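Student: Taken from Swiss-Prot, the feature domain 'Globin' applies to 1-136, supported by sequence analysis. Residues or ranges marked as site 'Involved in heme-bound ligand stabilization and O-O bond activation' by Swiss-Prot on the basis of sequence analysis: Y29. The site 'Influences the redox potential of the prosthetic heme and FAD groups' feature in Swiss-Prot is assigned to K84, E386. Under the heading heme b binding site, Swiss-Prot lists H85, citing sequence analysis as support. Positions annotated as active site, charge relay system by Swiss-Prot: Y95, E135. According to Swiss-Prot, the region 'Reductase' annotation covers 147-394. The annotation domain 'FAD-binding FR-type' is assigned in Swiss-Prot to 150-255. The FAD binding site annotation in Swiss-Prot covers Y188, R204, Q205, Y206, S207, C387, F388, G389, P390 and is backed by sequence analysis. The NADP(+) binding site annotation in Swiss-Prot covers G268, V269, G270, L271, T272, P273.
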Amino acid sequence: MLSENTINIVKSTAPLLAETGPKLTAHFYQRMFEHNPELKDIFNMSNQRNGDQREALFNAICAYASNIDNLPALLGAVEKIAHKHSSFLITADQYQIVGGHLLATIDELFSPGQAVLDAWAEAYGVLANVFIQREEQIYQDNQSQTGGWRGLREFELVEKQYESAHICSFVFKPVDGGSVVSFKPGQYLGIYINDEQFENQEIRQYSLSSSVRPDCYRISVKREEGGRVSNYLHDHLDVGSKVKLAAPAGDFFLDAAPTAPVVLISAGVGLTPTLSMLESLTEHQAPVTWIHATENGQQHAFKQHVKQLVETHPHFNSLVWYNQPNSDDKIGDDFQFSGWVNLHEIETVLKQADVQVYFCGPVGFMQFIAKQLLEMGVPEQQFHYECFGPHKVV
């Protein structure tokens, strides 16, 4: 329990942190990687270069300082981060390293005096313990389940299939021949790549793109321009290749009552977690609406698969938007609408009582979707979203 004095001191530093901006976290990361270069094997260095990770950490630090007297407000963020940390196999001793560099950064940038440093040390220690305990619980839960494991497990690529011009599916089975731990539709898998072409180990999380299978996992990866790992997987990972995986994790997952209508909204490769959800809703007792946006038919992944699911399950419905249809794309067959997704055109679907909405895609797309949902009066607690990469609020 934090003392009132600590709470007051940390809260008083919030305006200074906000004024400093991401310069704070840029200094922190530069310092940490200089003194502990081994941590480059854990952090996504691409997110370091584009600034996304710095921005995410800065927002988290500011949120903690501002809400230190109202920690329940941070529980959602803690759960999201703890799951991501478990996929990176973060350990308790690494929290000590990070804490040391955070305090040194505050001291070097602001010279705030020992009282402020002591307050932040106490506050960081409390928060670190919350994460350590929650992450240990996640590790133990995974390990204790049938097919579960802790740490890394070696898998073999047994199937590789292109779903569109830029999205490829990869199916992995454990080398030891055992079963695999179950997951919640919408969760992701941690994949660890060690290759001589990379200076450091590369770790990525990719959404599981199928319903639960007892002996394998499927991810579907978009080839991103300049994406180090996505291009590596597309170009160098072939059937028979071995990779190491961390157990499934993630706080974005299907959690709808059996009688609640479900709407799944995605753009581009954002369909991977929602497809896992769709495949898991074949016995659902309420209507399920699949809404997908993509550029055109060439970019439309899993088109036939979703069409077959809809045809064989009367409670399923599919609505597709093509931003710029090709000449051979057929309206009414390949897609129903063109341009940007306009949810007001299908307002009755979103205004069903107790509807649960799950959406995923580029940040701009999700912000646009969230804005429309709020305009239509869908309560915030009834929509759920996932950001690929460092979390952003939509």
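Glycine is treated like the rest: Cβ placed from N, Cα and C.
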Student: Please list, for the domain 'FAD-binding FR-type' (150-255), how many residues fall into helix, strand and coil according to DSSP.
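Tutor: Looking at the domain 'FAD-binding FR-type' (150-255) with DSSP, the answer is 9 helix, 45 strand, 52 coil.
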Student: What number of additional C-beta atoms lies within 10 angstroms of the C-beta atom of Y95 (active site, charge relay system)?
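Tutor: Neighbour count, Cβ to Cβ under the 10 Å cut-off: 19.
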Student: With the NADP(+) site defined by G268, V269, G270, L271, T272, P273, which remaining residues of that chain have Cβ atoms positioned within 8 Å of the Cβ centroid?
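Tutor: After dropping the recorded site residues, what remains is S207, S209, S220, K222, S266, A267, T274, L275, C360, G361.
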Student: If you measure C-alpha to C-alpha, which of K84, E135, T272, P273 (recorded positions) come within 10 angstroms of Q205 (FAD binding site)?
Tutor: K84
Student: Translate the DSSP assignment of E386 (site 'Influences the redox potential of the prosthetic heme and FAD groups') into the three-state scheme.
Tutor: strand
Student: Which secondary structure state does DSSP assign to L271 (NADP(+) binding site), in the simple three-class scheme?
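Tutor: Where L271 (NADP(+) binding site) sits, the three-state DSSP reduction gives helix.
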Student: Return the residues near K84 (site 'Influences the redox potential of the prosthetic heme and FAD groups') by Cβ distance under 8 Å, restricted to its own chain and a separation of at least 6 in sequence.
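Tutor: Listed in sequence order, they are Q205, A249, G250.
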Student: Any same-chain residues 6+ apart from P273 (NADP(+) binding site) with CB under 8 Å of its CB? Would you list them in sequence order, or say none?
Tutor: P185, G186, Q187, Y188, S207, L208, S209, F252, S266, Y358, C360, E386
